[in-house]
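Written below as structure tokens is the structure these notes are about.
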Amino acid sequence: MKLTTLPSEFQRALPILEKIKVAGFEAYFVGGSVRDAILGRPIHDVDIATSSYPEETKQIFPRTVDIGIEHGTVLVLADDDEYEVTTFRTEDVYVDYRRPSGVTFVRSLDEDLLRRDFTVNAFALDETGTVVDLFGGLMDLDNRLLRAVGVPAERFQEDALRIMRGFRFVASLGFTLEPATFGAMAELAPLLEKISVERVFIEFDKLLTAPFWQAGLTSLIASCAYDFLPDMAEKGAELETLRDDFANGYQFTSSEQAWAALLLALNIRDVKPFLKKWKTSNDFQKAVDQLVSAYRERLSAEPSRQLVYRYGKDCLLLVEDLRQAKGLSSQPALIQQLDEELPIHSKQDMAITGRDLIQDFGLTPGPQLGDILDELERSIVAGEVGNEREEVWEWVITKL
Ligand code: ATP
Ligand code: MG
């Protein structure tokens with residue numbers, strides 16, 4: 001097969017291929033970008049594979065960065081772009097079903113393509129637009145099938161992360177898993193427990209935020225692979241609820257929102273310990289926690305100034321978006337309006353601080369001071385007390 005016109009992303013990168021070839025080596029575009037180009041999907045990260053060894057690649061280009069020399073990857077800096085140029089390689093014996101004990105650089109494209117996970121991810125594209133397809137990937141693209149390269153069970157045993165990647169590509173491409181590939185994924189799913197949680201998180205997160213996440217989840221549920229994900233054992237019914245509660249085709253707008261929806265469906269009370277098991281950042285845990293709390297509060301209350309003040313407009317708009325997708329009433333315009341009406345957005349905006357109360361009224365730090373400040377904050381947000389020094393001052397006097 002030949003692409004009649006190379007997408008502009010590849011055209012911009014052609015000089016890189018040409019320079020490598022002039023130096024006497026082979027070079028191809030590889031990986032997801034080739035798949036996406038054939039499908040006519042938007043392209044990100046143009047990856048290049050070459051027969052030149054990393055040291056040789058570095059001699060060809062004046063500006064390079066060592067970003068993964070031990071895996072054969074050199075970052076080549078072009079005018080405004082950068083490209084990962086990776087030496088053809090095979091992977092040595094796999095240890096613990098995860099990373100290979102090492103990689104071996106080879107001079108043959110075919111061997112490099114053999115180590116890739118799915119047939120539709122194992123294309124190479126040359127400078128003339130000719131697609132190298134060793135495993136029937138083009139036919140699989142036509143049939144919208146995800147098929148492991150080679151013997152599926154062997155490939156998932158080598159690297160069990162490929163099991164999660166399989167579900168993830170169902171979600172991003174909307175493809176179906178070829179039955180033998182799916183069978184091996186389901187059978188070997190217990191190996192997922194051997195994979196680092198961080199790597200599994202990345203794939204599951206990509207699954208949840210992809211356009212066909214409901215289909216990805218359906219495959220994951222059918223395989224029972226969730227039994228081997230952190231704190232998700234025996235949660236098949238809850239995952240079905242997550243899938244079915246949302247309008248068909250709805251897509252989450254952020255990771256935080258997707259994980260909030262997941263936690264709500266799993267009926268998890270304590271958000272942070274769950275997300276700690278997934279080894280997510282503190283910021284992520286905090287944002288999801290806020291969304292889950294706001295969602296739960298909103299179940300029994302209409303939007304109010306206090307609610308918008310407490311959680312912030314952005315968080316509540318994401319909550320309204322979830323509600324709408326679930327067929328519940330949603331009031332984004334009201335939240336916008338309430339936010340505009342808010343006299344203050346945080347404690348720092350208050351006309352008087354705790355220090356003022358101590359200095360000017362002789363109050364001492366303690367519960368009374370805290371109570372007055374809290375009540376003042378609420379009253380200012382409600383519009384009962386204007387946020388000006390004099391008005392606040394008079395209000396404080398009535399409280400003493
Ligand atoms: P996306 O468009 O989401 O980036 P992608 O296909 O480019 O999808 P990447 O994770 O960026 O996926 O990986 C780039 C390529 O490297 C894949 O297309 C595949 O050929 C190969 N690859 C990545 N991870 C693995 C793995 N665990 N096992 C085998 N091959 C892999
Ligand atoms: Mg990629």
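Just so you know, glycine gets a Cβ as well, placed from its N, Cα and C.
Across the domain 'Poly A polymerase head' (27-147), mean pLDDT in this model comes to 93. Marked as domain 'Poly A polymerase head' by TrEMBL: 27-147.
Classification of Gly32 (ATP binding site) by DSSP places it within a helix. Annotated ATP binding site per TrEMBL: Gly32, Arg35, Arg116, Asp159, Arg162, Arg165, Arg168, in sequence order.
Positions annotated as CTP binding site by TrEMBL: Gly32, Arg35, Arg116, Asp159, Arg162, Arg165, Arg168. Within the same chain, residues at least 6 positions away in sequence whose Cβ sits under 8 Å from that of Gly32 (ATP binding site) are His44, Asp45, Asp47, Asn121.
Taken from TrEMBL, the feature Mg(2+) binding site covers Asp45, Asp47. Around the Cβ of Asp45 (Mg(2+) binding site), the number of neighbouring Cβ atoms within 10 Å comes to 12.
According to TrEMBL, the domain 'tRNA nucleotidyltransferase/poly(A) polymerase RNA and SrmB- binding' annotation covers 174-233.
Sequence annotations record features per position, and here TrEMBL assigns domain 'CCA-adding enzyme C-terminal' to 251-396.
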Among Asp47, Asp159, the one of these binding-site residues whose Cβ has the fewest neighbouring Cβ atoms within 10 Å:
Asp47
Cβ-Cβ neighbours of Arg165 (ATP binding site) (radius 10 Å):
22
Least crowded of the binding-site residues Arg116, Arg162, counting other Cβ atoms within 10 Å of each Cβ, is Arg116
Do any of the binding-site residues Arg35, Asp159, Arg162, Arg168 touch ligand 2, in the sense that the CB is under 6 Å from one of its atoms?
none
